[in-house]
Amino acid sequence: MTSRFPTPEEFASFPPPNYVDPVNQLPLAMAVLIPMTVLIIGFISCRFYCRTVLVDTLGWDDWAMLVAAVMSVGSNIMLIISMLPEYQMGYHLWDIHPSRLFGTMKSAQMGLSSQLLFTAITTFMKVAILLTYMRIFPSKLDKWFCRLMIFYTVSFNTACFFITLFQCSPVSTYWEIFKYIKTAKCLNIKAIYYFHSAQNTFSDFIIFLWPARNLLNVQVSLRQRVTLTSMFSLGVIVCIAGVVRLYYTHLYLVSFDVFWYGATTSIIMGVESGVGVVCGCLPGCKPLMNKLFPRVFSNTSQSSSRRRPSTNFLSGKLSSSSAGSSEQGSYRMQPLHPRPDNRCSRTLEKRSQPDVGKQLPVPPQPSHQGLRPPSRTTFTSRRQAEAYRELQGNGSDSSIEIFLLQRN
């Protein structure tokens, strides 16, 4: 529980104890851990809804993340309970009655349980994230990286789990440390905690920053690149929380006020594990985000189809279809009427002018047998030409080039 006992000089410097209404960290723990618990439940539910209803691709990474989420919720609830007045985690040492200090400390039992749970949470969380990477990034280098980091994470965290559990002999010495402070047989607690915190923070940086190399090379639109970068950049919060936790772990190890600094460290552990679960669930929640926020998370071809037509209507359709989906097929442009040069236009204007002085013969009456309604192709071409003129706003100028999209 602690690496040292207060000296007589430190005992003399204690302020007067407050056993009635002491300062504690329960309000801070509730303000941080309750919203974090709600986020964990919301995002893991969203992930399983997308994987079972919208996509139907449930995998091992989903089950590993579910185990991490359940343990994270349980750890947060236990941390809040340990800070109640009955257990007094998060209190200053001088505000705890000596009868509690030199007895069996329930808060110390919960503290050890939270440390073991944190080790298990980070293991399942990182394994789930690495399995998700193997889904998203199928290259050989990514797969080898994920396999190596899974082996590293499982092996080191398993070793840290059992070293933390059996750091004292017998194990009950951990929550009765003040009773056996002079006769306790424990390992080097400082080395254990420093090693565990440092290797966990190191693996956080490697795992959460690994997708950056793929996001820089992926061929997507700017909006999709920003969305994906923002989604994966939330893992930086986990790395920052790991660095802060390492600092408060140092304060916890060098100070005799272990209940106060131990509570702060536990709150940061809850934030680190909770944000890690949320970040791991974000890629699985993207199908639901596409439905709820299509302008933000959908691809560019879907969003461009909702725009109003402009003067580059046909050329825009051509570019989107050539880049695009297999449902629309391929298209080609053909001019309906070739543009005549200046000499031909002047000749046509002269021929189109009627000769006023010349008597034109009366045309014969057409036979009804030779009449037939215009074909469907001609009617469709006229409708397309009229629609294009309406988009262009140029009246009925016959010299305009009309481009039609014809399916190959």
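Cβ coordinates come from backbone N, Cα and C, glycine included.
Unlike curated records, TrEMBL annotations are generated automatically.
Residues or ranges marked as transmembrane segment in TrEMBL: 28-50 (among others). Non-local neighbours of the transmembrane segment (28-50) in the same chain are 58, 62, 65-66, 69, 72-73, 76-77, 79-80, 83, 90, 263, 266-267, 270-271, 274-275, 277-278, 281-282, 284-288; each lies 6+ residues outside the stretch with a CB under 8 Å from one of its CB atoms.
Residues or ranges marked as domain 'Rhodopsin' in TrEMBL: 47-290.
Marked as transmembrane segment by TrEMBL: 62-84 (among others).
Here TrEMBL flags 116-137 (among others) as transmembrane segment.
Taken from TrEMBL, the feature transmembrane segment applies to 149-172 (among others).
Taking Cβ pairs closer than 8 Å, the transmembrane segment (192-210) reaches residues 119, 122, 126, 129-130, 133, 145, 149, 152-153, 156-157, 160, 163-164, 167, 232, 235-236, 238-239, 242-243, 245-246, 249-250, 252-253, 276, 279 in its own chain, all 6 or more past its ends. What TrEMBL records for 192-210 (among others) is transmembrane segment.
Annotation comment: TrEMBL describes 231-248 (among others) as transmembrane segment.
Per TrEMBL, the feature transmembrane segment maps to 260-285 (among others).
Under the heading region 'Disordered', TrEMBL lists 300-381.
According to TrEMBL, the compositional bias 'Basic and acidic residues' annotation covers 338-353.
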**Asked** Can at least 3 Cβ pairs under 8 A be found between the transmembrane segment (62-84) and the transmembrane segment (149-172), with each pair 6 or more apart in sequence?
**Response** no
**Request:** Please indicate, using numbers and ranges, the residues of the same chain that are 6 or more beyond the transmembrane segment (116-137) and have a C-beta under 8 Å from a C-beta there.
**Result:** 59-62, 64-65, 67-68, 71-72, 74-75, 78, 143, 145-146, 149-150, 153-154, 157-158, 160-161, 164-165, 196, 200, 203, 207-208, 210-211, 214, 269, 272-273, 276-277, 279-280, 283-284
**Message:** On the 0 to 100 pLDDT scale, where does the domain 'Rhodopsin' (47-290) sit on average?
**Reply:** 85
